[in-house]
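Worksheet: the structure to be examined is printed underneath.
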Amino acid sequence: MSDRFVVVPVGQGNEQCSESEGAEGYTIEPQDAVPVLEYSREPNRYGDGMPKESSPFINNTDNDKGNLYDGKNMALFEEEMDSNPMVSSLLNKLANYTNLTQGVKEHEETESKTKIQKITFPALGTLIGVYLPCLQNILGVILFLRLTWIVGTAGIMESLAIVVMTCSCTMLTAISMSAIATNGVVPAGGSYYMISRSLGPEFGGAVGLCFYLGTTFAGSMYILGTIEILLTYIVPSAAIFKAEKKEDEAEALLNNMRVYGTCCLTLMSLVVFVGVKYVNKLALVFLACLCFFCFICLLGNRTLQNHNFDQCLKTMEVDNVTVTTKLWSLFCDSPDLNATCNEYFTLNNVTVIQGIPGLTSGVIRDNIWGDYGPNGMLVENKHQASEPAADTSQDIYMPYVANDITTFFTLLVGIYFPSVTGIMAGSNRSGDLRDAQKSIPIGTIMAIATTTFIYISSVILFGACIEGVVLRDKFGDSVKGNLVIGILAWPSPWVIVIGSFFSCCGAGLQSLTGAPRLLQAIARDGIVPFLQVFGHGKANGEPTWALLLTGGICEIGILIASLDAVAPILSMFFLMCYLFVNLACALQTLLRTPNWRPRFKFYHWALSFLGASLCLSLMFISSWYYALVAMLIAGCIYKYIEYRGAEKEWGDGINGLSLNAARYALIRLEEAPPHTKNWRPQMLLLLNLDSDHAVKHPRLLSFCTQLKAGKGLTIVGSVLEGTYMTKEAEVKKAEQNIKSSMTTERTKGFCHVVASSNLRDGFSHLIQTAGLGGMKHNTVLMAWPGTWKQWRAFTVRETTAAHQALLVAKNVDSFPTNADRLGQGTIDVWWVVHDGGLLMLLPFLLRQHKVWRKCKMRIFTVANMDDNSIQMKKDLQMFLYHLRLDAEVEVVEMHDSDISAFTYEKTLVMEQRSQMLKQMQLSRTEREREIQSITDSSRSSIRRNNQTGAAGSESGPSRELEDTQEDEVAQLIHDRNTASHAALNDKADAGPDRVHMTWTKDKFLTERNRNRAEASMGVRDIFNMKPNQSNVRRMHTAVKLNEVVVNKSQGAHLVLLNMPGPPKNRGGDENYMEFLEVLLEGLNRVLLVRGGGREVITIYS
């Protein structure tokens, strides 16, 4: 190994220092530089090949703490282990999201932190967890009680149009919902959680309450369906209110529905109150019955027989005598031939037709088109002519089948739409699914496809098999009071009747179970203050108060007592919910926020807008006044949530509208810090300018442009040294040059150049003050410094103190331009410590740009000997799956190898150099004690002289240690032992600010000899010293990690690496830079990333 020592002058000979003139004419010449030993294995070892300087590293007070750290491999990051833990210790919690405290804090704020909860891992798959529950919630009461009537009234073509419109609406909504649900982990909460976290609390609260009302009225509809089946088809004799006249039958039925409905609601509420587990156990039983009955219905009854009326004649001949039949007695006041009969009965003949002629009968031609009519119109075969009666007022008292409501197309849409709701059942159970991001899209879309097939086939089969007059018979009076769909069932109509009864019971229980929990979730979020009381419940979390309110609202629907009147109401609320699910997906897709990374890829903003438009159209098609009421309710809730307890000032008029809107938005942003999933990189780009005030590294602007997928703010800043009064023209010129470069590189943002007395203060001011209100940067991007003296570690400290992220691009001039197209390659992420997840987010943003689009992402993490690398890889893959990031994963094992001689010797040289510098500073301090007579004005002029002659305000190893005025003056006193003393003396300024100090000749010689003796003794001590073990471990970390990174990622297009934090003791900044140089040696394009102390990426939706 060819090792050598190089003597490098600190300050590069640019520091001008004081002179002292003796009384005898002797002059103390300015000191040139402190000799510093630098170890180098080969020429131009580091980056730019320029020599470096070092200052004392972390002082001894921190060594004991460092020695407590076990192991040598990660010693470079040990000071930040309390805030930035090792990835190996965090992966298990990141992968198993149920253990994350973020989800607990965000979604279970009311839970006691001291309460120990048993963690149960979800185990439901796609079939049991999503597909079957969606089937159970979609298929229901409308299929059994109203679909045949809708087909008979609207005809096959218009019924198919209704089915296609409504199912298309739910399918498009399911696509949007799948995109939202797979954009992170969705804890139980369904549409409310998804919308509120996508569009904000105002929309979330408004739509959540609409969805709650829809679910509650759905419970009313299912209970009304249950009672209708019970009183009409199962036990008609159980009716409490009896109709003495036919015209009173409708009112009696409504009263019976109210009484029995209230009793049924009370019973179901008690079941839900006692325990949800019983409801869940019954759900599978009801679901099995539902699937079986649907199959029986589609199979049909192959044993149908003709059951003719006794005699389908008005009169008949018996022994040559004309006598009346049983039919005559139904429509006439006596059995005599001269009796008074109903006019319609008298004018028309009766004909026997087959009610269910079958597929081959051709009845489908008669049922192609609809037959709408007003309330009270008799149901008749439209293809057989009849003569209407002049007076139809008495027809309602006769046993005719008549319309009980006025029918029209839009009414049927509103009545039918509840039969396609229930698509949220899977997302509501997302917390119980084994893989929600896979199960929700597949299960929901397959359930919608299955039910769409069932509905379309049912419409066609009903229209092709059943006579139109029978289809339009809503309550089955023409088939002996049986359920029309039941007469198709095999082996008996009772199969469908009993099955539909239990199906409605199960659906009602599910509604009464889900609605209170949805209300409890809204109340616990605290966005609607007057609902907060409903967030409380029993000790086990059951929503008792919410159940009471749900029962009260459900009773309102039961008091309406009409299934046909309640169905359009819940249609409005469900359509409102689906409308905003589609809008949320479209908005997220168009905004392209960094967190929008759905694992479900088959979505598009156009489909979401089409779904939203279809929802809005169906709302007004079903019932325009109900639609307006629903929108008014949602609007009032939105405004209440937005403005509760706050007074808003709207400005002075239309001319100030834009200004007030901007001011209002900025105030809102400032009041509410962004949520983790809304975090995006707001860039402050710190540029270096050349002597002509042009951008020195334009590729840095290109790189910033390539991160534009973050859709964040970009501020480009730079600093000119001097005062603004003298640099105003240069500042404006620099701004113009930067804006021109930004236009060339297509960087959209703002430019800000400041003038400051020194560069450090200028950059510090930019970091502190750039931006306005909530539109402030959260990330600082800069290039790796050409020389250490130009940067140092103060920028790292400033950004850390401001809780901002820091990105440092090394070899930025080799980064691609916007016109380049990188071929197949990789972006390698070395995830050593977890500091917020910015390392994961940046490659995703870069890959959205066409320059990096073909690059693949690889993530490496480091495992020590005591880590389970196989489990770490599985956990990391699971974590990336939850993050919706596609990347290759590799766990690199770093063995606890012995510290090499090279590492030991390199650390020793660094310590020797540090110790020599300390001794030189001590000797200058001793000299300073001899010149106490210097005045404050002289000290001020010395500092000005130093600033004028130095290469920059940051030069000199002690500039960051200026804690006292004595240290400032000590920087200007140099030893005369350097070879460049004469050259510096020739360049010395003889201006009025120069300070001359006069000593006696004897005193000068004595002092010089004493200093030389001390320096000689100090050098002998330096070469006999042993290196600090903490520094050796840090150097070992840098060397070993560099070897691993170079071995794996030397050919990568870009390497992203955790940036170690600076030492807590500022005296070690120079050695800190040495460690970074060693860490990055041999790598071309490197981006050092240091998080801002907060999470910027989340697995939650």
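Even glycines carry a Cβ here, placed using N, Cα and C.
Worth saying up front: this structure is predicted, and the values here are computed from it rather than measured.
TrEMBL lists 12-32, 919-966 with the feature region 'Disordered'. What TrEMBL lists as transmembrane segment is 123-148, 160-186, 206-236, 257-276, 282-300, 405-425, 445-471, 483-509, 569-590, 602-619. The domain 'Amino acid permease/ SLC12A' feature in TrEMBL is assigned to 130-290, 403-684. Residues or ranges marked as domain 'SLC12A transporter C-terminal' by TrEMBL: 698-796, 819-944, 1026-1101. The compositional bias 'Low complexity' annotation in TrEMBL covers 932-948.
Comparing 130-290, 698-796, 1026-1101 for CB pairs under 8 angstroms to the domain 'Amino acid permease/ SLC12A' (403-684), the maximum falls on 130-290.
The average pLDDT for the domain 'Amino acid permease/ SLC12A' (130-290) in the predicted structure is 84.
Within the domain 'SLC12A transporter C-terminal' (1026-1101), the DSSP-based counts of helix, strand and coil residues read 36 helix, 11 strand, 29 coil. Residue counts of the domain 'SLC12A transporter C-terminal' (698-796) by helix, strand and coil are 50 helix, 22 strand, 27 coil (DSSP-based).
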